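Enquirer: This is the structure I want to talk about, given as structure tokens.
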Amino acid sequence: MRRALGTLGCCLALLLPLLPAARGVPHRHRRQPLGSGLGRHGAADTACKNRPLDLVFIIDSSRSVRPEEFEKVKIFLSKMIDTLDVGERTTRVAVMNYASTVKVEFPLRTYFDKASMKEAVSRIQPLSAGTMTGLAIQAAMDEVFTEEMGTRPANFNIPKVVIIVTDGRPQDQVENVAANARTAGIEIYAVGVGRADMQSLRIMASEPLDEHVFYVETYGVIEKLTSKFRETFCAANTCALGTHDCEQVCVSNDGSYLCDCYEGYTLNPDKRTCSAVDVCAPGRHECDQICVSNNGSYVCECFEGYTLNPDKKTCSAMDVCAPGRHDCAQVCRRNGGSYSCDCFEGFTLNPDKKTCSAVDVCAPGRHDCEQVCVRDDLFYTCDCYQGYVLNPDKKTCSRATTSSLVTDEEACKCEAIAALQDSVTSRLEALSTKLDEVSQKLQAYQDRQQVV
């Protein structure tokens, strides 16, 4: 894909001398020489700014790349990041690391500032072993260039770009995989270092090859390529020049521009003006139950009796009677998504519907005893008045009969008493007879004395 240059100053920046330590691809595919005046863009910077990209670096860390050389690659990545207009609405960057396996160091959605990206790059470790370049390109399509991983939708018209850095020959099939990637709209730049196979680089890269294939002799000068890529990604910045008609946000796009809106607004059909959106309108949010608008964005909440799940979208019914979730003094009874309080047996719920008080179990209406209620702590037993006995149901009473009041033991006692009483009576009668006889004899004696 041929790149339009923004201004005359930007064009002049391309025509710099060739570095002694680096050479271009073979003559029939030669690019403009790599410049020695790197980083000197002067006034061109004000009107020449890299256009928004979804940019993925795929770096070879196979066994042929020595540790000190891999550190040079990381320096190259950091310098590339410094030249980019990084941000959520501008250029997004991902880094993949490959050898015999592929590792996504960070996808497009992870970092939107240069400092965080460069810190993540500094922590990358080589994988060693083989050079599975085709596997890495396929992984970029399957695992990185997806909306879930931060790639912007097709209607945003943001270019998808891959920069592959390798020093060897691929050990797997790359031609078909690279062709599929290009067909999917991915622009591929191939950077060869040292022993890199030039034919493989040309097979991978997009057309025209003289704009998409780069070669340097050593990793020691790879960072010099940052200038070439900056020039490649440079576009006339209509947004910076202020010659656009966007109401809110202007986004540079491959020499042109697109209009966008602030968060909480949506672009109108005229593609220039914006209208505020109801982020909680049906179909605009992912909340399971309640959507709460929050400064152009939204947060999800749940109905009473439900709790928000870790995904911050869906809700689950909570156990409202779990410890710490209710204020019942004794018993919590779940009632749908709410609860009510109750009390243990022997207690009654107070008017506050939370606390409990002990009840008089023998108070009228609280027991089923027919005659006498006897309180026993929180419980009671029934009893009867004198002359009544408790029935087997332990509640009602029946009048006691005489026979039922005398036990066998008491009957024996009665017989013994009766016998004793008979014996005493008999003796008293005998004694009385004796006393009568003595009294008669005494009277007769007294009579005789009077006669004398």
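Glycine too: its Cβ is placed from the backbone N, Cα and C atoms.
Remember, predicted model here, so these are calculated numbers, not experimental data.
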Enquirer: Just choose from Cys246, Cys274 the cysteine that Swiss-Prot connects to Cys259 via a disulfide.
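Expert: So the cysteine that Swiss-Prot bonds to Cys259 would be Cys246.
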Enquirer: Tell me which of 23-55, 419-451 corresponds to the coiled coil entry in Swiss-Prot.
Expert: 419-451
Enquirer: So Cys302 is in a disulfide according to Swiss-Prot. Which of these is its partner: Cys287, Cys315, Cys321?
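Expert: Of the candidates Cys287, Cys315, Cys321, the one Swiss-Prot pairs with Cys302 is Cys315.
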Enquirer: In the domain 'EGF-like 3' (317-357), how many residues does DSSP put in helix, strand and coil?
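Expert: Split by secondary structure, the domain 'EGF-like 3' (317-357) comes out as 0 helix, 16 strand, 25 coil.
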Enquirer: For Cys302 (disulfide bond), find which of the disulfide-bonded residues Cys261, Cys287, Cys332, Cys356, Cys373, Cys382 come within 10 Å, Cα to Cα.
Expert: Cys287
Enquirer: Could you check which of these disulfide-bonded residues, Cys246, Cys300, Cys373, Cys397, sit within 10 Å of Cys382 (disulfide bond), going Cα to Cα?
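Expert: If one measures from the Cα of Cys382 (disulfide bond), the disulfide-bonded residues that come within 10 Å are Cys373, Cys397.
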Enquirer: Could you say whether, by DSSP, Cys274 (disulfide bond) belongs to a helix, a strand or a coil region?
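Expert: Its secondary structure by DSSP: strand.
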Enquirer: Can you tell me which of the disulfide-bonded residues Cys280, Cys300, Cys328, Cys373 is spatially closest to Cys259 (disulfide bond)? Compare CA atoms only.
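Expert: It is Cys280, whose Cα lies nearest.
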Enquirer: Given the model, what does the mean pLDDT over the coiled coil (419-451) come out as?
Expert: 77
Enquirer: Taking only the disulfide-bonded residues Cys274, Cys315, Cys328, Cys341, Cys362, which one has a CA atom nearest to the CA atom of Asn295 (N-linked glycosylation site)?
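Expert: The answer is Cys274.
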